[in-house]
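S.K.: Dropping the structure in here first, questions after.
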Amino acid sequence: MTTIQQQRTSLLKGWPQFCEWVTSTNNRIYVGWFGVLMIPCLLAAAACFIVAFIAAPPVDIDGIREPVAGSFLYGNNIISGAVVPSSNAIGLHFYPIWEAATVDEWLYNGGPYQLVIFHFLIGISAYMGRQWELSYRLGMRPWICVAYSAPVSAAFAVFLVYPFGQGSFSDGMPLGISGTFNFMFVFQAEHNILMHPFHMAGVAGMFGGSLFSAMHGSLVTSSLIRETTETESQNYGYKFGQEEETYNIVAAHGYFGRLIFQYASFNNSRSLHFFLAVFPVVCVWLTSMGICTMAFNLNGFNFNQSVVDANGKIVPTWGDVLNRANLGMEVMHERNAHNFPLDLAAAESTTVALTAPAIG
């Protein structure tokens, strides 16, 4: 009994030091308990992604024995290459390497894709938790991790929720540049995402956030308090940790209030920076919600053949032009996996060309 107790004591002797090191804010890079989960997951995802991008064999993404190559060694470049999503034959089944009969089978069915996205999603979730943890240790407010939840929600939407709704991980976003574009085209063709209000909010958040960031940066830079001569860099006029304001917010407020109108300009630095944070974050949240609803085929607005004249004849609109583009993309994607596109098979026949009204 004494021997067993001594062995346990020796094994646990370094545990307090390990705990102190993990939670110490004096480390050059904070680890944290979430970091203990984050680091191995992100390393595994990055390692598998790099190896698969370079050397993975073609993947039978559609489940029809027509493999699609995505790696460098099979003729792709940095633009066309991707980690190809797992096969439609696998569907939503969890497909770790031990579920396959051989490694060749695992590679052929796109096993690396699931390995990468699952470790990646766990890793970025742990990174978000680590942001909260470090804020807590330093006595800061927790809004940094709340802001980071916006891109995390987007990643979960395209890598997890959308495949769940569509019934297969083969519908997830490929891990590559051209693959991402293909995902976007197919998403538009099948769900009309450009006509979804939540996607519109996301566009407003991205472009609006960029605009507000540029406006704020240029206003601050233009109203710096002079601390240097003409021959010195203006950056030398600021010392890290100084108590004095480095720019004149009254001047910036006065300029912008006169450029637009008074109440378009913030007179409170705290409310200004809160707005700069919350606007793009909420808009990206809305976009993620839109992806999640369209995953279950609650799609964007449909204005096909919505305008008719007094005789009941259809007057083509831009809604019909957009519908033609969607149909064109839909008939061309996964060409050999379908006998006929679902949208064309389930609806009335659509004219191939928009006809001009007869004159006279």
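Cβ atoms are placed via backbone N, Cα and C, with glycine included.
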S.K.: Quick test of your reading of Swiss-Prot: among 87-102, 119-134, 247-262, where does it put transmembrane segment?
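M.R.: Going through 87-102, 119-134, 247-262 one by one, Swiss-Prot gives transmembrane segment for 119-134.
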S.K.: Would you kindly list the residues that approach the transmembrane segment (119-134) from elsewhere in its chain, counting only those six or more residues past its ends and only Cβ-Cβ distances under 8 Å?
M.R.: 25, 30, 32-35, 37-38, 41-42, 44-45, 48, 142, 144-145, 148-149, 151-152, 155-156, 159-160
S.K.: Return the count of C-beta atoms lying within 10 angstroms of the C-beta of H199 (chlorophyll a PD1 binding site), excluding that atom itself.
M.R.: 22
S.K.: I need the least crowded one of these recorded positions (H191, H273, H333), counting other C-beta atoms within 10 angstroms of each C-beta.
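M.R.: It is H273 that, of the recorded positions H191, H273, H333, has the fewest other Cβ atoms within 10 Å.
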S.K.: Could you round the CA separation between H199 (chlorophyll a PD1 binding site) and Y162 (site 'Tyrosine radical intermediate') to a whole angstrom and send it over?
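M.R.: Cα of H199 (chlorophyll a PD1 binding site) to Cα of Y162 (site 'Tyrosine radical intermediate') measures 15 Å after rounding.
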